[in-house]
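*Asks:* First, the structure itself, so that you have it in front of you.
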Amino acid sequence: MKATEVLADLQRRFPNEPEYLQAVEEVITTIEDEYNKHPEFERYNLIERLCIPDRIFSFRVSWVDDKGKVQNNMGYRIQHNNAIGPYKGGIRFHSSVNQSILKFLAFEQTFKNSLTTLAMGGGKGGSDFSPRGKSDMEVMRFCQAFIAELWRHIGPDTDVPAGDIGVGGREVGYMYGMYKKMAREFTGTFTGKGLEFGGSLIRPEATGYGNVYFLLNMLATRGIDIKDKVVAISGSGNVATYTAKKLLELGAKVITMSDSDGCIYVPEGITKEQLDYIFKLKNEYRGRIREFAEEFGCEYVEGGRPWGYKCDIAMPSATQNELDGDDARTLLANGVIAVSEGANMPSTPDAIKEFLNAKILYAPGKAANAGGVSVSGLEMAQNSQKLSWSSEEVDEKLKGIMKNIHEQCQKYGKEEDGFTNYVKGANVAGFMKVARAMMAQGII
Ligand SMILES: NC(=O)C1=CN([C@@H]2O[C@H](COP(=O)(O)OP(=O)(O)OC[C@H]3O[C@@H](n4cnc5c(N)ncnc54)[C@H](O)[C@@H]3O)[C@@H](O)[C@H]2O)C=CC1
Ligand SMILES: O=C(O)CCC(=O)C(=O)O
């Protein structure tokens, strides 16, 4: 396999899908050497079968807003690869959603889920519907209309969706309710469900906590303590808030959070009380991070991002391509020692190059944010057994999974000088398991 040729072919076939091509390029250029050690992979044209999703559903979602007006959105589900388990991955509701973004997310998810060691294939779905500014009733009607179409393609052993940007407990609840009605079954077809109807303890916390656990594993390789470290976080949603919560518990100082409108800067570190306010602001009032600055009188930069502030650790936790080469150079000039990605593909290729060249601790999202889908996998296991595990039990398992992912990255990513290239490590480790399963199952 020649990565450049595979990529050129995909560029020709999918010219309008930049995010998808970006994600594919990163993976195939890092697995190329390992892939070519296995001539049987090439004989089975494994790389092309792995890059192109198994299937894509796209559909119109029509719903009625509070003014009685009929609205139409696009809905999608990408079933990327089910070699090692049912398709599994979140649903994103955001005005920017399109097929390219969901294809990149489903592709990434396939490798991430493989790293978790649980039996989950990769998928992703979503809509260009934005819950922002909509009433609860509008969100409910949209979710019901979305599932009225999607329900026939998902199921506990087929495809198990969950949350992502714009999809939290409220949206999962509405979608699950409609699914249950259409499918006439009560099974674990969604994860991230409410605790009363099959959700797992620690699932809301899992992506943020998991990212911090991964970071701790990385810091330990250099004998660095998290206590008193200054951390810049982007976003203020599910992943960002639980990342901040765990960091505060461990004595680190969180100086920034943001949303798509702007960024707050709290040089003395966000307190626990202030973080509680952010949880309420985001989950109950569904407000903007600007309101935090109005409440507590800190610096707020409209349109700003966190990467210009001096910090030891950066944890991008908002969205793709939110940290570019210039941001990376600024972070490095300010002495950053670690970057651990809560979001999916938040760093541009230029930024990744800078981090790798500087040999700092850099963890790509597919390794560092795998805690969320891992606890989703544990939720599926609990649902199958019709049992619920305690918070402590789930948290312990999560820590174990993140440690294991870190070890896999080291196994495949360690270079001669001792530096661990976590990008290569995560890609090769994730790839090998899926590749072996695909080989064993023949050309299908
Ligand atoms: N929720 C989960 O379990 C997992 C989420 N992720 C990834 O983490 C990231 C955040 O997801 P969640 O916290 O779940 O979503 P969320 O909807 O709870 O929060 C998203 C946050 O990102 C901000 N944001 C969205 N678009 C933005 C933009 N264009 N520029 C700046 N900020 C923007 C929003 O204002 C919000 O603060 C996404 O990349 C998602 O794919 C990854 C693994 C699991
Ligand atoms: O929990 C899940 O199934 C999905 C999590 C997710 O969307 C992700 O890992 O990006």
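The backbone N, Cα and C atoms fix where each Cβ goes, and this holds for glycine too.
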*Asks:* The substrate site in TrEMBL includes Lys88, Gln109, Lys112, Ser376. Which of Gly163, Gly325, Gly418, Gly425 is also listed there?
*Replies:* Gly163
*Asks:* Once the chains shown are all counted, how many other Cβ atoms turn up within 10 Å of the Cβ of Ser376 (substrate binding site)?
*Replies:* 29
*Asks:* Which whole-number value in Å describes the distance between the Cα atoms of Ser376 (substrate binding site) and Thr207 (NAD(+) binding site)?
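*Replies:* Between the Cα atoms of Ser376 (substrate binding site) and Thr207 (NAD(+) binding site), the distance comes to 10 Å.
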*Asks:* With an 8 Å cut-off on Cβ-Cβ distance and a minimum sequence separation of at least 6, pull the same-chain contacts of Lys88 (substrate binding site), or say none.
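*Replies:* The answer is Gln109, Asn113, Met120, Gly121, Gly122, Gly123, Asp159, Val160, Ala162, Val373, Ser376, Gly377, Met380.
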*Asks:* Tell me which recorded positions (Lys88, Gly163, Asp164, Thr207, Asn238, Ser376) have a Cβ under 6 A from ligand 2; sequence order is fine.
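*Replies:* Listed by sequence, the hits are Lys88, Asp164, Ser376.
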*Asks:* Which recorded positions of Gln109, Asp164, Thr207, Asn238 contact ligand 1 in the sense of C-beta under 6 Å?
*Replies:* Asp164, Thr207, Asn238
